[in-house]
């Protein structure tokens, strides 16, 4: 009974808090540090990020989508869709119908992005709201004829400080107000490719810089008076795994390059056959024991990577740490793109703000779950998506959430309370029961004679 009262009272308080703050427009800043592997948090020191986490929430592993590349996963974060659904299926793509090509240097055609509606477009279309972006993939493209009110054209030479200055200026002073903003930074991905994630000396230096940037971000938000009312999510698109020159898969040793066109290379190679598809497949399937070769229709269902015309007829997937090359060596000591079930491919998520609990840790969510959570925070109606809002409820202060250990504890506690109450009721009933009054045995008149003569 006491437990029920407490739960009801907590619900009323939560509801009151939610209602009392509803007059303030919710604001959300989404930050991505490209290639931030989840276990970097355990293997390196991050004083600024750990302070951020102590005052907010941490999701230790975010299971991203296959293929675990930059453009596809950044679009999954903001649409809640698998790659086959939102259409950005790789960093390099080819559309057989239009004959168009997509790459990181040729990504401005809305054709590639229009199969989905990212959250900044949905937010931008609301009354008295606007969106802002500092180089998040796709934000400098007019998607469904809509672009953010404030954005920066992508230029990797622009410093983090300049990007941060613009984003905080737009969040602090714009009309209509910026209620959703994104900020993207290329590290630690670039250094992860160069050194490999197991290079402690170099990665320690790089990750310290990342932590300092997070400290700068928090300090700037506090200085501008944005910190207490702004929801901030820090996450990434993928992790990184160690590669080496002795783990190469040379396609030229297996098949003549004139038999196919290579759309995307490693570690997931997209093959467009120029001759009979089956013949190309048969030549490739025995190329290496460290590479899986799939016809498009045979790609495992768990990848959600079949139902899009931009996915090529044959897909090659290298084992973790192996690199697919064309008769040449690889300069990369780190890479990503591999099977999304691998922990090395997973990023993390940390969040702080009025929408989030404080000091809460959660083991895992899916990257597509971030989108419905962000829509909830901003009060937006989400477009159809592959995410599950229930997976993120435990992170949010306005949601009642219970996990399995807590459920077991509540059941056991409830049974103990009920048992104690039952015992108390029985004891009280026994104490309060009225005893029968004492009375002498009444004898009949003829019973006055003695029984023994």
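Each residue, glycine too, has its Cβ placed from N, Cα and C.
Per Swiss-Prot, the feature topological domain 'Extracellular' maps to 16-407; the stated evidence is sequence analysis. Taking the topological domain 'Extracellular' (16-407) as a whole, pLDDT averages 96 in the prediction.
Positions annotated as substrate binding site by Swiss-Prot: 91, 154, 189. Listed in sequence order, the residues of the same chain lying 6 or more apart from residue 91 (substrate binding site) and placing their CB within less than 8 Å of its CB are 69, 70, 71, 72, 103, 104, 264. According to DSSP, residue 91 (substrate binding site) sits in a coil region rather than a helix or strand.
Within the same chain, residues at least 6 positions away in sequence whose Cβ sits under 8 Å from that of residue 155 (N-linked glycosylation site) are 135. Summarising the annotation, Swiss-Prot assigns N-linked glycosylation site to 155 (among others).
Long-range Cβ neighbours of residue 166 (N-linked glycosylation site) (same chain, at least 6 residues apart, Cβ-Cβ under 8 Å): 132, 134, 150, 152. Per Swiss-Prot, N-linked glycosylation site is recorded for 166 (among others), and the stated evidence type is experimental evidence.
Sequence-distant neighbours of residue 336 (Zn(2+) 2 binding site): residues of the same chain at least 6 apart with a C-beta under 8 Å from its C-beta are 35, 68, 69, 189, 192, 238, 239, 240, 241, 267, 345. If you look up Swiss-Prot, you'll see 189, 193, 336 marked as Zn(2+) 2 binding site.
Sequence-distant neighbours of residue 276 (N-linked glycosylation site): no residue of the same chain at least 6 apart has a C-beta under 8 Å from its C-beta. Residues annotated as N-linked glycosylation site in Swiss-Prot, with sequence analysis given as evidence: 276 (among others).
Long-range Cβ neighbours of residue 386 (N-linked glycosylation site) (same chain, at least 6 residues apart, Cβ-Cβ under 8 Å): 80, 81, 82, 85, 304, 368. According to Swiss-Prot, the N-linked glycosylation site annotation covers 386 (among others).
If you measure from the Cα atom of residue 154 (substrate binding site) to that of residue 193 (Zn(2+) 2 binding site), you get 20 Å. Every protein chain considered, the tally of other Cβ atoms within 10 Å of the Cβ of residue 154 (substrate binding site) stands at 20. Same-chain residues at least 6 positions away in sequence with a Cβ under 8 Å from that of residue 193 (Zn(2+) 2 binding site) are, in sequence order, 35, 240, 332, 333, 334, 335. There are 23 other Cβ atoms within 10 Å of the Cβ belonging to residue 189 (substrate binding site).
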